[in-house]
Amino acid sequence: MSAASAVVRGLGGALPRKVVTNEHLSAVMDTSDEWIRRRTGIAERRHSDETESTSVLATMAGRRALASAGVDSAGLLIVATSTPDKVCPATAPKVAANLGLKGIAAFDVSAVCSGFVYALTTATWAIRSGSVDSALVIGADTFTRLLDPTDRTTSVIFGDGAGAAYLSAGTAEEPGAIKASTLHSDGEGETLIQVPEGPGSFFEMQGKEVFTQAVAAMSDSVETVLASAGWAAGDVDSLIAHQANLRILNTVASVTGIPASKAEVHLDRVGNTSAASIPLAMTDAGTKGHRSPGDKVVLTAFGGGTTWGAVAMTWPSISVVDPH
Ligand code: UT7
């Protein structure tokens, strides 16, 4: 029998230990704390070491999301990542085994910064179809491994981390219910955000063009899920957009008519953590006590592919551990 709704019942995050401030970066490349704060809103980010692989961070975030929900298993595990431990096999089976969930369906989703929105929507489809009754969705990335450490256009923005949500079947009226979602892609934008082919290639991004497309795509998808959920922009209590740039968050708020004060800001302390960015920002909002069960929340992301999408949901009734 198909379930009426998928309901988020747990959240968790994990961050590497090493904090890299704007001052640290200014000492090794031609940039400044003033430029980075003014152009991006970022003050510091985390860099993983060799013991903090994507699967290690994903496992830690997943364990915290299960604990936050008060459960110890899930019927499905999806890891959204573009920095898997290995090109082959996927990271999710290893994370499932680390969590004592050997045997369950486990796979990776590769949609760069939109990965969490893609994975959350896929898990919602699986629960609503009745195929599984619960799912653990993890966004985890260690992009700093792919960066040219001397490239100021990417190194100032990206950081590493993981965030996770546990969902199970329930009703649309329960706090944490996923109300609507929309996913999109345009492969003609393949080269805007990429690691080009060839040995020794580093991650590259055409920042200005990505900025413009990200604002348009995220604003459109927010409007789509607001219409599907039957919510007006003024009803939204929290806009949790992919944490790439403070100027992008404020512009999406202004285009969609959601007050900028409703945009959750976490990038100041972690930078752009790619697929981990939205669940980490959700975890941060939970630990700050910003949200009440049933609040109207909109998630949205844009990333490589290009890919983008949005989810409308209500805030769950949960307690969350601070990953900082
Ligand atoms: O996660 C997937 C989605 N990603 C995004 O959404 C990222 C979107 N893009 C952005 O956030 C912004 O485009 C960046 C933060 C990447 C760049 O900001 P910008 O305001 O678009 O700067 P810009 O690339 O136009 O560069 C402006 C100036 C240039 O100097 P000139 O040509 O005006 O003399 C750059 O060389 O700033 C210079 N610049 C820097 N200066 C100091 C570029 N990077 C830096 C830097 N420090 N780190």
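Note: Cβ is positioned from N, Cα and C throughout, glycine not excepted.
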Exercise. If TrEMBL is the reference, give me the range from 138-142, 243-247, 258-262 marked as region 'ACP-binding'.
Key: 243-247
Quiz prompt | Distance from His242 (active site) back to Cys113 (active site), taken between C-alpha atoms, in Å | solution = 7
Quiz item: How many whole Å apart are the CA atoms of Asn272 (active site) and His242 (active site)?
Solution: 8
Quiz prompt | DSSP-assigned states of the domain 'Beta-ketoacyl-[acyl-carrier-protein] synthase III C-terminal' (226-315) in counts, ordered helix, strand, coil | solution = 39 helix, 22 strand, 29 coil
Self-check item: Averaged pLDDT, computed only over the residues in the domain 'Beta-ketoacyl-[acyl-carrier-protein] synthase III N-terminal' (107-187)
Solution: 98
Quiz item: Which state, by DSSP, holds Cys113 (active site): helix, strand or coil?
Solution: helix
